[in-house]
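A short write-up of the structure that comes next.
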């Protein structure tokens, strides 16, 4: 296998940089078109009904037809909105979604017309933090859309989205810390190279579980789609949007799904490395084959998003916030402490069994502390006395039929 040379980044000819940029853009657009169609097919299969099957053979052109339909719709601007912010919000939401994919490694070094280049647009010493920062900008589009719409429900959806991102981005960043400790770098290509022997999903399983939960919350997908809850907020932050403006919000959502799936592949599933036992074969991790393994792993996470939407109901808002602040963040902090201790002991020459034993002991202590705290809270909570029905309530007036009957009886 051929790992990208960090010195290659920034030295590609302009036409190669342009070609890779267009390739990433086309990859994301095709992934979005396919994901929308496959999601509708999967939901139909899981709900015992037919999915889209009218436009094109077996409904394969349904996503394209929906895009054309949205493009041809009239772009209405409701009265009372802050027009320029209202129009800028979808753009602010969709641009960071594409920008985050610039540092995702999709393969090793390949030859393009005699030029050696990496299947990655660029890389940074803090590439993962760049992704975290850029994806955070996208929430401004949602918040501004809710504020500029001049309506109550979009405003509530925007506020929910901001609280959601603040809550779950902390847990997501903490899950990154364990990867940084093991890899010794924040560069995405360096993290992939560090997983040559063992993928981090094996070594850092709690971090992987925290990240998977947080990435669903970050992308506003079911069961964490509270900013656009149809039963509560009509359509949430994009209630007042139609035509291409609404399509841009949908595009940003699916591109963000692809980005967080690609980041999960990079951090925990070995990136573009071939899975075992395919990796044993000669040439499995060289040439253009890594692009195939990378795409397959990304689609596994996209199917996971679809599976969650089809099977789980939407969470209650207070339960959703409690999951982020009371479970994910404390678990992440405890796990980082364990990873730091075991990694330090390993660097000092202690054997792996001793390190594992210490790690298990620390994990047991943290688990017992959390269980003891929850039991203590359960003891403090006592049931409130049941008030009699109608006590303190407004008296119910008699029905007209009963009133007339009483008057007739008195007469």
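Just so you know, glycine gets a Cβ as well, placed from its N, Cα and C.
Annotated features in Swiss-Prot:
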TRANSMEM  18-38  transmembrane segment
TRANSMEM  84-104  transmembrane segment
TRANSMEM  124-144  transmembrane segment
TRANSMEM  165-185  transmembrane segment
TRANSMEM  198-218  transmembrane segment
TRANSMEM  260-280  transmembrane segment
TRANSMEM  288-308  transmembrane segment
TRANSMEM  321-341  transmembrane segment
TRANSMEM  352-372  transmembrane segment
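Cβ atoms under 8 Å from those of the transmembrane segment (165-185) belong to residues 125, 128, 132, 136, 139, 191, 194-195, 200, 203-204, 206-208, 210-211, 213-215, 217-218, 267-268, 321, 324-325, 328-329, 332-333, 335-336, 339-340, 343 of the same chain, restricted to positions at least 6 beyond its ends. Counting residues 6+ beyond its ends, the transmembrane segment (124-144) has Cβ neighbours under 8 Å at 85, 88-94, 96-97, 99-100, 103-104, 157-159, 161-162, 165, 169, 172-173, 176, 179-180, 185-189, 191, 218, 220, 227, 237, 249, 252, 256, 259-260, 263, 267 in the same chain. When each of 18-38, 84-104, 321-341 is checked for Cβ pairs under 8 Å to the transmembrane segment (198-218), 321-341 comes out on top.
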